[in-house]
Each structure stands twice: as structure tokens, then as C-alpha cells.
Amino acid sequence: MGDYHEFTDQYKVPVIAKLLHALPHYNITFHKINSTFRPNDEIYLESLGILGSVPAALLIVSLLGLLFYLMTRCCDRKPRPAHSITSLKVALSIVTVMCCAAIGLGLYGNDDLHNGLLEVLTAGRKVDNLVTTIRNQTHILENTLTNRIRPQLVELADIFDQPVSNQTALSKLFVSLNIVQGNVTLATNAASDIRRPLMGISMTHFLTRGDQWELIRWPGTVATLALLLVLCAVLLVGVARHSRCALILFSVCGLLAVTGSWLMSGLYLSSSVAVGDLCISPADFLVSTAPRDLPTNVLLHYTQCEPGHTNPFTQRLRESQNSLNNARSAMATVMKISLVLFKSSGLQPKLGAVNADLNSSERLLTQLTALVDCKAVHHNFLAAARGLCEGGLLGLVLMLIASFIAAILLTIMVWVDSHTWIYIRKRNDYAQVDEPSYISHPAPQNHQQMMNAARTLPRNHNGHFSPPVISGSHTLQHPSKRQQHEMMAHAHIQQNMRAMGTHTLGRLPSHNHSPTHMTGPNNAAAVAAAANAAANMPPTTQAAQQQQQQQAQQQQQQAQQQLGGPQPIYCHHPHQHPHPHPHQHPHSHSAAAVAAAVQHQHAIYHQQQAQQYGTYTTAAHHAPHHLGPGQSQIYQQIPAHLAPQLAANGNPHSIYQPLVAVSQGSIYVSNMATMRRQNSQGGPQIPAHQHPPSLHQQQQQPPPPSQQQQQLHQLKSPQQHQQQLQQHQQQQQQQHHQQQHHQQQHQQQQQQHHQQQQPNESDVVPISTAMDTAIYDRDKQIYKCSTLRQGGKFDPKYKPSILNCPLPEIPKDAEQPKVESIYEQRQQAHHQNYSKTLQRPPMMLPPQMKAIPPPRIGTPTSPPPPVAQPLNESNGGVPSGLQNGGAVVGGGGANANEDTSLPPPPLEAQTEATKARMGAGPAANGKVLHNGGGGGSVGGGGGGAVDDDDDLPPPPPAITDESNYAVTEL
């Protein structure tokens with residue numbers, strides 16, 4: 001069994017070692033040399049260096065290739081178009097994963113090499129310990145035989161020199177003592193022979209250095225491969241996150257990784273070939289490195305340990321053992337004879353010590369015989385050889401393959417990475433810009449621009465009015481593509497808000513204006529001029545003009561009714577008299593003339609708009625109705641084909657597009673401000689269809705307080721203001737009686753015509769204050785949110801209740817108004833070609849000329865006026881009208897398709913004749929009609945005169961009240 005184990009437990013050369021050993025070994029002159037492992041031979045080391053230079057050559061080639069590629073990229077200054085780097089990123093990711101796998105393989109090979117080297121070192125330590133033990137045992141045996149037994153034998157010989165009677169026994173005693181001494185010498189020589197060759201064997205230095213190198217190599221290799229893994233991870237992160245910085249970092253560090261990988265490949269290749277050469281015949285390497293004192297046969301015996309070979313130390317051990325046995329036998333004879341011959345000498349202890357030393361020496365020889373056996377040394381040799389040539393060499397080869405593959409992959413990765421990051425644009429830094437202002441327009445530079453901005457609303461490209469600008473909250477967003485903005489939770493509140501009108505910047509809740517009502521300094525000047533002209537005109541002329549104007553209006557209304565219904569879209573009404581007592585004005589005829597001229601301009605504009613837009617019906621009331629000759633239309637007129645849609649779906653416009661609706665070139669304007677102001681000032685109520693108006697209610701409502709004096713105080717120079725104020729106070733008492741007379745006459749005529757047109761009257765429905773209160777609260781909240789209301793700064797205390805309101809631009813600079821006289825406009829109106837075709841309104845720039853106060857109107861939410869029953873046949877059946885700025889307002893008629901058209905331009909003679917008739921006509925019914933200082937006078941005349949040079953432009957296509965555009969003073 002032992003022979004079989006000895007036979008099967010032999011070293012076999014691994015296949016990897018054979019392959020590596022088969023590699024050609026060339027010197028510097030490219031001559032093939034012996035491939036035997038000779039680490040101390042320079043030629044052999046030269047051949048290993050040449051083999052290791054192959055990866056170094058590949059390193060140089062790869063670096064040159066990368067260098068040329070980078071040079072071409074650096075020299076290429078052409079702008080690169082947008083290029084898809086998805087394929088490059090995918091390829092780079094795949095190569096990176098493969099490189100990580102190669103690095104992992106290198107880590108596995110490093111662990112195998114580490115384990116193989118540990119086995120070699122462990123086996124070497126065991127062999128070294130065994131040799132040391134044999135050497136120590138032989139040394140102890142030799143010391144015992146030489147230093148302890150031999151001196152005792154010498155002492156015994158001295159004792160035996162004493163004379164004795166039995167010479168024969170004495171001679172036999174000396175012979176046995178000499179045999180003991182001789183055998184001890186033989187045993188000592190045998191032990192010395194065993195120890196002598198082992199004295200030069202010492203692997204302690206080799207093992208210690210091996211431990212040190214392995215302690216550095218293994219963690220160093222792990223750290224290097226881990227660093228490569230980190231670089232691969234950086235590359236993967238850069239590819240995943242499209243990071244230009246990470247890719248550039250890998251490009252720089254990748255060059256170092258490529259260099260290190262190729263250098264490690266060369267080192268591993270040389271080491272692998274060397275270990276392969278060693279593993280072909282490790283015993284021969286041991287023989288070549290064995291000390292000179294160690295015989296070759298001894299080393300080969302221990303490395304091969306063949307059963308047929310004799311142990312070189314066994315013979316000497318056997319000789320030593322035989323010598324000790326002979327010495328012990330002889331010592332026994334000596335003890336027997338000496339004890340008989342020398343009884344009184346005390347030899348017993350000495351003889352016992354010699355026997356004890358001989359026995360210990362024999363035991364040492366027995367142990368030494370077991371130590372010098374080749375089985376233990378051969379086992380350790382096989383363990384070391386297998387650990388190095390099988391596990392260690394395999395791990396080294398794996399590291400060689402891993403480093404070679406990693407070097408190639410890293411070279412590819414660096415090239416692809418360098419080709420990839422040039423197509424990744426650097427991320428643009430965020431520009432340091434100021435936060436945009438939430439006010440969509442800059443503040444006016446001076447007071448004039450502020451006033452122009454306050455009087456003018458922006459228009460869009462179609463000439464229609466754009467929504468107002470409401471600033472003061474940063475939550476207000478710019479208009480989106482949506483056509484409608486649902487701002488309120490309830491439909492009725494939203495409808496009330498839509499009926500309200502637009503707001504200007506910084507307006508108080510009560511300052512609701514229509515887009516076209518541009519009252520301001522220009523209007524104040526026009527009012528003052530009209531007052532002066534009225535004061536200079538005779539009463540007869542004014543009465544004649546007023547009478548002629550009323551007749552012309554009646555004729556025009558009848559012609560309009562015969563042609564097909566109401567014509568104008570925009571109805572301008574005379575303003576209320578600015579003074580509470582019209583009877584104080586004596587020169588009412590002059591004011592009436594001026595008012596007739598102003599009303600003539602409105603008539604021209606109504607005719608133009610009527611011929612462009614045609615006849616429309618009222619969306620709110622479809623029942624046909626008629627208007628009296630002195631009445632005006634206060635409802636919006638909407639095309640008949642859109643009225644059912646609007647009635648069913650409600651107003652499709654948001655609250656920030658109130659009163660402005662464009663459909664097939666038509667503009668529908670509604671205003672809620674007039675009703676609210678009339679209600680707050682105690683003005684007239686809106687008549688309904690089914691409630692007859694009360695005469696007492698009509699007469700007890702006073703006109704609104706005067707605003708003429710306030711405008712004169714604010715906008716006129718001090719001298720002009722004082723003169724104008726004195727004239728105004730002198731004329732108040734004279735004009736009041738005449739104006740009252742003309743107003744009664746005008747009211748009788750309107751009631752007669754209204755009784756003919758409308759046989760049925762309705763009761764007066766008081767204006768509801770619920771909707772007015774909601775509108776006022778909404779306006780107040782908007783006013784609180786205004787930035788101008790807070791002194792140009794946003795006040796966080798006020799929470800805006802309206803979101804998503806559009807912020808259109810307001811014209812920054814107002815151009816100078818174009819001067820056109822009223823006579824030029826009259827001439828243009830006469831030469832204009834009228835057309836009954838429905839046309840889109842002309843594109844008009846924002847009004848930049850002096851404006852006149854258009855007439856006060858009603859609101860679209862009030863029902864149409866009823867037809868009053870005949871109160872008195874003696875006065876011609878004049879119905880009780882509604883006082884609305886001095887004119888009887890007919891919010892609706894009996895026929896929706898029949899409307900009174902505006903009168904044609906009056907001639908001067910006709911104007912005077914009309915005013916004469918109006919002055920002579922008695923007030924039969926005794927009703928006083930307040931209309932701004934004269935029956936039918938427009939703009940609250942009576943406080944001044946209108947010059948011919950003053951410009952009175954046509955009003956823009958919208959309906960407004962007399963409220964002023966206000967700019968809150970900061």
C-alpha cells in the first residue's frame with residue numbers, strides 16, 4: 001500500500017507549464033537559448049525580458065494610435081453637426097462591462113496565485129523546520145556522545161588502573177571499556193555525517209522575503225484592479241448621465257490605465273513563462289540551487305523519494321545505532337567486572353550515568369532515523385510544487401489574460417470615449433438675468449404720458465378694444481391660448497362681472513369706465529368752449545336749432561323704421577346736466593346750438609356705423625319694439641343669428657373681455673357702470689316691460705352734481721378759470737327757465753312719438769343692488785391688488801382674488817393728436833359712400849385726440865322700457881320717459897327690428913328755426929326734462945362755448961359713461 005502511494009504521489013508537470021515552457025526563448029540577438037529555468041543566468045533573464053517586451057510594444061502602438069487620433073481631433077476646427085451618440089454609448093457600455101469582467105478575472109487569478117504562493121511558503125517552512133530538526137538532533141547526539149559519555153569513560157579508565165589481584169578480569173574489563181569508547185566514537189561520527197550536509201540548508205531568508213513580497217504584491221494588485229473598476233464605473237456613470245466631465249476624466253485616467261495594464265501584461269507574461277520553466281523540473285532547480293555540502297543524490301532522493309533508492313543518511317544512522325548497541329553491550333560487561341574487582345571504589349553511579357547517556361543517544365538516533373526519511377520532505381516538496389505550478393501558475397496566467405484583455409479593452413474604451421465626449425455639448429450656464437416685472441408696461445415718464453395712458457386703452461390689430469391691464473399681483477399670469485377664462489365659481493356672478501366693463505390701472509371701485517369714454521383735460525376744454533359758445537348765442541337761434549334737430553330726428557327715425565329696423569350699434573346719449581339747477585342758465589339757446597353741433601357729429605358716426613354693420617336685433621329681448629323719436633337705444637344690438645346661441649350658452653367671453661365681443665365684424669358693448677352710478681347718485685330707474693313709470697319718480701330724481709366746475713378748476717389756467725366761473729354763475733339763473741321750457745316741449749314730442757310707436761308700457765323695475773354690490777366688491781378687490789394703489793409696490797397683505805388675467809401692453813408714448821375740425825369731418829361724412837353691406841369695422845389706432853364726453857347710457861341687464869299709457873291727450877300723448885342724462889331713454893321697443901336712426905346733419909338755418917320753435921313751444925304737461933343745460937344738448941353744455949378750431953373727433957365704437965379714466969396718484 002505504501003509502495004502504491006509512493007508511486008501515485010509523484011509530481012506531474014501541468015499542461016499550462018508545458019505550454020509556457022514551449023514558448024521560444026530568444027536573446028537580444030534573436031538566438032534561441034535553453035529554456036531551463038535559470039534565474040541566475042543573464043541570458044535566460046534576457047529571453048524573459050524579450051518576451052515581456054511584446055506587451056510593451058503593443059502599449060507603444062496603442063499610445064501612438066491614441067496620440068494620432070487626439071491630434072487629429074485637436075487640429076480639427078470644423079463645427080460638428082448634431083450627431084447621435086447612442087451607438088457609441090451602447091458600444092462604450094458593452095466594452096466597459098467586458099473590461100469589468102476582465103478585471104474581475106484578474107482578481108480571481110490574483111487570489112489563486114496568492115494561495116499557490118502561500119502553499120509554497122508553507123511547504124518550504126515545513127521542510128526547513130524538518131531540516132532544522134534533523135540538524136539539531138544530530139547535534140544533540142553528537143554532543144551527548146562526545147561531551148558526556150566519553151569523559152565518563154576516561155574517568156572509569158583511571159579507576160581501573162589501580163592494581164588488582166585478578167589480572168585476567170582486569171584485562172577483560174579494559175577490552176570492554178575500549179569497545180564502549182569505540183562505539184561511542186562511531187556513533188558520534190555517524191551523527192556528524194548526517195548533520196554536516198544539512199548545515200548549509202537554510203530557507204529562512206527566502207521564506208521571509210517571500211512573505212514580504214507577497215504581502216505587498218497581493219493587496220497592491222487588488223488595489224490596482226479595484227482602481228480600474230472605479231474608472232470603469234466612472235465611465236458607466238458618465239455614459240448613463242450623459243456627463244461630459246466624467247467622460248473627459250476617464251479619457252485622461254484611461255491613458256494611465258492602459259499604460260499600467262500593458263505593463264502588467266508584460267510582467268505577467270515574463271513571470272508566467274519563468275514559472276512554467278520552473279514547473280517543468282522543480283527538482284533540477286533545487287539541485288542547481290542546493291549548497292555544495294549537500295550531495296546531489298541526497299537532494300534528488302528527498303525530491304523524488306523513489307522507493308528503490310536508499311536514503312543516504314540511513315546507512316550512517318544504522319552505523320551509529322549499531323555502535324551504540326555495541327557500546328551498551330560492552331558497558332554491561334564493564335559493569336559486571338568492575339563491580340567484582342573494585343567493590344570499594346564507588347563505581348556504581350558512574351557506570352549508571354554512562355548507561356543513561358547511551359540510552360538517550362540511542363533514542364536520539366531512533367528519532368533521527370524517522371526525521372531523515374524522504375516521505376516528509378517529498379510530501380512538502382509536492383505541496384510546494386503543486387501550489388506553485390498548478391494553482392499559482394494558473395492564477396498568474398489568469399492575471400496575464402485579464403491584464404492583456406483589459407489593456408485592449410481600455411485602449412478601445414479610451415478611443416471610443418474620446419470620440420464620444422466631443423459630441424456632448426457643455427451644459428449652458430444659467431444666465432444671470434433680473435427677475436421680470438409683473439407689470440406688463442413701464443410707468444409713464446411724465447405727467448402727460450400718464451394722462452395719455454389713462455385716457456387711452458390699447459387696441460388689437462382689428463381695431464377692437466383689448467382687455468384692460470390689472471396689475472398689482474404677481475400671481476396674475478399672461479394670457480394663454482385659451483379663448484375663454486372661467487374666473488368665477490358661479491355663473492351668475494361671472495355674468496355680472498362680464499356686464500361690468502373694463503378697468504384702468506389704479507381705478508377706484510366706483511370709477512368704472514368704458515373703453516371709449518375719454519374724459520379728461522381735452523374734454524374739459526371742449527366743455528368750457530361749448531359753454532362759452534352757448535353764452536354768446538342768442539336764445540332764438542338755440543331754440544330754432546333745437547326744434548329743427550328734433551324734427552330731423554323724427555324724420556330719420558321714421559325712414560329707418562321703413563327701411564328695416566334699427567341701424568346703429570352704438571347709441572350715444574346726452575349726459576345729464578352737470579348743474580343741479582338748470583333754470584339758472586339764461587343763455588340756453590346758445591348752449592343748445594353747440595349741443596346740436598356736437599350731436600350732429602354723433603349722428604354722422606351713427607350713420608357710418610349703421611351702413612357698415614347693418615341692422616341688428618337685441619340679444620336680450622327678441623320681441624319687436626319701437627323707440628320714440630326722442631328716445632335712444634340703450635341695449636346692445638346683436639345679430640339675430642347669434643342671439644339664440646348667446647341666450648342658451650350665456651356670454652362666451654370672460655370677465656376680462658366684458659362688453660367687447662367680435663363676431664363677423666360686429667362689436668357688442670355693454671356697460672354696467674352707468675346703472676351703478678345712477679343707482680348710487682339717486683338717478684332714474686330702468687323701466688321694465690310690465691310696470692308703468694311713475695311721473696313722481698321721474699320728477700323727483702335730481703340730476704347728478706356738477707362736474708364742470710371741478711374740471712375747470714383742475715385743467716384751466718387761473719385767469720381762464722375765474723372768467724369762466726363768473727360767466728357760469730351769471731348764466732345759471734337765466735338759462736334755467738328757458739331750458740326747462742325747452743325740455744318740457746322736447747319731452748312732450750318724445751312722448752307723443754313713443755305713444756304712437758309703443759302702445760304698451762311697463763312698470764318701472766328698480767335696479768337690484770345685489771349684483772351691484774358684488775360688482776363693487778370685485779372692483780374694490782381689484783383696486784386693492786393694484787400696484788399703483790400701493791404706491792408702485794406690491795403689497796403682500798392683499799390676496800388677489802382674480803387669477804390668470806391677461807396683461808396686454810399699454811402704449812408707452814402717446815402721439816400728438818391729429819387736429820381735425822368739425823367742419824372737415826362733416827365734409828367727409830357728406831362725401832362718404834354709404835353701404836348697406838355688413839362690414840368689419842375699420843382698424844383704428846387707439847384714440848389720441850381730444851375726446852368729448854359721450855352720452856350716458858343704460859345697462860344691458862335692465863329690461864326694455866315699456867310703452868306708457870296716454871296720460872294727457874291735451875299734451876299730445878307724451879309718455880312719461882326716463883330721465884337719463886337729460887334724454888328719455890328707451891331701453892327697448894315693441895319691435896326689435898325697427899329702430900330709430902340718427903338724424904342727418906342739420907343745417908344752420910334749420911338749427912336756428914328749430915330752436916325758435918322750441919323756445920316758443922309751451923310745456924303742456926309741465927314735465928321738466930333735465931339734459932345738461934338744454935333739451936337735447938350733448939355733453940353738458942351751457943358752461944362755455946365751442947370754437948371752430950377745436951377738434952371734436954368721432955367717438956370710438958363703444959359705449960361709455962361719463963366716468964373719468966383715473967390714474968391713482970402715487
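Please read every residue number as a count from 1 along the shown chain.
Quick reminder: no glycine exception, Cβ is built from N, Cα and C everywhere.
When ASN136, ASN872 are compared in Swiss-Prot, the N-linked glycosylation site annotation sits on ASN136.
In summary, of the candidate residues ASN166, ASN833, the record from Swiss-Prot lists N-linked glycosylation site for ASN166, whereas the others have no such entry there. Record note: of ASN34, ASN760, Swiss-Prot gives the feature N-linked glycosylation site to ASN34, with no matching annotation on the rest. Topologically, per Swiss-Prot, VAL13 is found on the same side of the membrane as ALA274. For the transmembrane segment (396-416), the residues of the chain that approach it from at least six positions outside its boundaries are 16, 20, 55, 58-59, 62, 65-66, 69, 88, 91-92, 95-96, 98-99, 102-106, 108-110, 112-113, 221, 228, 232, 235, 250-251, 254-255, 257-258, 261-262, 264-265, 268-269, 271-272, 275, judged by C-beta separation under 8 angstroms.
Counting residues 6+ beyond its ends, the transmembrane segment (247-267) has Cβ neighbours under 8 Å at 52-56, 58-59, 62-63, 66, 224, 227-228, 231, 234-235, 238-239, 399-400, 403-404, 406-407, 410-411, 413-414, 417-418, 420-421, 424 in the same chain.
Helix first, then strand, then coil: DSSP counts for the topological domain 'Extracellular' (268-395) stand at 106 helix, 0 strand, 22 coil.
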